[in-house]
Amino acid sequence: MEEAALGEAELNWSRLSVSAEALESELEARAEERRGAREALLRLLLPYNRLTSLPRALGGGFPHLQLLDVSGNSLTALGPELLTLSGLRTLLARNNRLGGPGSLPKGLAQSPLCRSLQVLNLSGNCFQELPASLLELRALQTLSLGGNQLQSIPAEIENLRSLECLYLGGNFIKEIPPELANLPSLNYLVLCDNKIQSVPPQLSQLHSLRSLSLHNNLLTYLPREILNLIHLEELSLRGNPLVVRFVRDLTYDPPTLLELAARTIKIRSISYTPYDLPGNLLRYLGSASNCPNPKCGGVYFDCCVRQIKFVDFCGKYRLPLMHYLCSPECSSPCSSASHSSTSQSESDSEDEASVAAHRMQKVLLG
């Protein structure tokens, strides 16, 4: 078999259109040669062949292997041979047929790979959920599962504390779990081409984040806490509804009598003690939120007005951020007295449409 070698520590058998059976004897011979050699095999490249399983010769023959590339094959499972590669740091298995039961070897979380594997690329496969064993690979720095069929991100993603790059674009994910914010080293987060409708404010805790890709989702706004991502250099939002759908669906329900009474107590600073009210009312009064409008000074509890406010970010972005106000009067300046109520109501929809279009041009679309 012809070999394209970039160095004594690498075997490059890419695009040879050979099967696992054809590779067996070659790998066994190489393993035998390496047992007495000074330099161990570090990189084995087997992409774009006709592999349906990992070659059995991998088992025990290459203990110092650091990189294994089996992308572009027809693998339906990564067999137990993988567990013998105790020094493996990078595993590339994109564009295969992985994703069914038994796709990953049993005992993966208890194997030496849990401590050695740093880069794992399983993009372009058929995973519908993140395998639990992957969430135990505590040394992972890069995890790629783009172009699969993932429906959600499990809360256990927070176990991957060393993760620096997470690529989950091109799936069917609807929600971002708040636990994602517990990854202190995360620099790159790619969640584009999914079905995400909102961004949890907890993401503002990702203080190391430099790049955030959210394009081609269903976002209508961003939480204002995103302004705390002071190291963010790249933000992609193109292909999202952003403000348009939010404005169309905006509704306001009047406060209940309970909330009106509680607002009065707070605004007028009416004093009370724990002996004056039952516990549930004391807790309710303690849940008041201050209206962010500096000219208002009011409070709200359960009932509020949602408002999109465009804020400059990093000196070059205009982001639509969500604000919560105590009443509709806080959401816009008073109308001019020179306009009649009829003409004002007739022009409202046109004004809102033009303002929204004007603002949308200033939003970063990636």
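Quick reminder: no glycine exception, Cβ is built from N, Cα and C everywhere.
Look at Swiss-Prot and you will find 337-346 tagged as compositional bias 'Low complexity'.
For S19, the entry in Swiss-Prot reads phosphoserine, with the evidence type similarity to another entry. Close to S19 (phosphoserine) in the fold, though at least 6 residues off in sequence, lie N49, R50, L51, T52, each with a CB less than 8 Å from its CB. According to its DSSP assignment, S19 (phosphoserine) is coil.
According to Swiss-Prot, the feature region 'Disordered' maps to 337-356.
Annotation source Swiss-Prot lists repeat 'LRR 1' at 40-61. According to DSSP, the repeat 'LRR 1' (40-61) comprises 3 helix, 3 strand, 16 coil.
The repeat 'LRR 2' annotation in Swiss-Prot covers 64-86. Within the chain carrying the repeat 'LRR 2' (64-86), a Cβ under 8 angstroms from the stretch's Cβ atoms is held by residues 14, 40-56, 58, 92-98, 100, 102-108, 111-113, 116, 121, all 6 or more beyond its ends.
Sorting the repeat 'LRR 3' (87-108) by DSSP state (H, G, I as helix; E, B as strand; all else coil) yields 1 helix, 3 strand, 18 coil. Residues or ranges marked as repeat 'LRR 3' by Swiss-Prot: 87-108.
Away from its own ends, the repeat 'LRR 4' (116-138) comes close to residues 71, 86-100, 103-104, 108-109, 144-154, 156-157, 159-162, 167 of its chain (Cβ-Cβ under 8 Å, at least six residues beyond either end). Feature annotation from Swiss-Prot assigns repeat 'LRR 4' to 116-138.
Same-chain residues lying 6 or more positions outside the repeat 'LRR 5' (139-161) and placing a CB less than 8 Å from one of its CB atoms are 94, 99, 114-130, 132, 167-177, 179-180, 182-185, 190. The repeat 'LRR 5' annotation in Swiss-Prot covers 139-161.
Under 8 Å from some Cβ of the repeat 'LRR 6' (162-184) lie the Cβ atoms of residues 118, 123, 138-156, 190-200, 202-208, 213, all in the same chain and six or more residues away from its ends. Annotation comment: Swiss-Prot describes 162-184 as repeat 'LRR 6'.
Panel annotation: around the repeat 'LRR 7' (185-206), residues 141, 146, 161-178, 212-229, 236 of the same chain, lying at least six beyond its termini, place a Cβ under 8 Å from a Cβ of the stretch. What Swiss-Prot lists as repeat 'LRR 7' is 185-206.
According to Swiss-Prot, the feature repeat 'LRR 8' maps to 208-229.
Per Swiss-Prot, repeat 'LRR 9' is recorded for 231-251.
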Secondary structure tally of the repeat 'LRR 5' (139-161) (DSSP, helix then strand then coil):
5 helix, 3 strand, 15 coil
Looking only at the repeat 'LRR 8' (208-229), what are its DSSP counts of helix, strand and coil residues?
5 helix, 5 strand, 12 coil
Would you kindly list the residues that approach the repeat 'LRR 1' (40-61) from elsewhere in its chain, counting only those six or more residues past its ends and only Cβ-Cβ distances under 8 Å?
9-20, 23-24, 27-28, 30-31, 34, 67-82, 84-85, 92
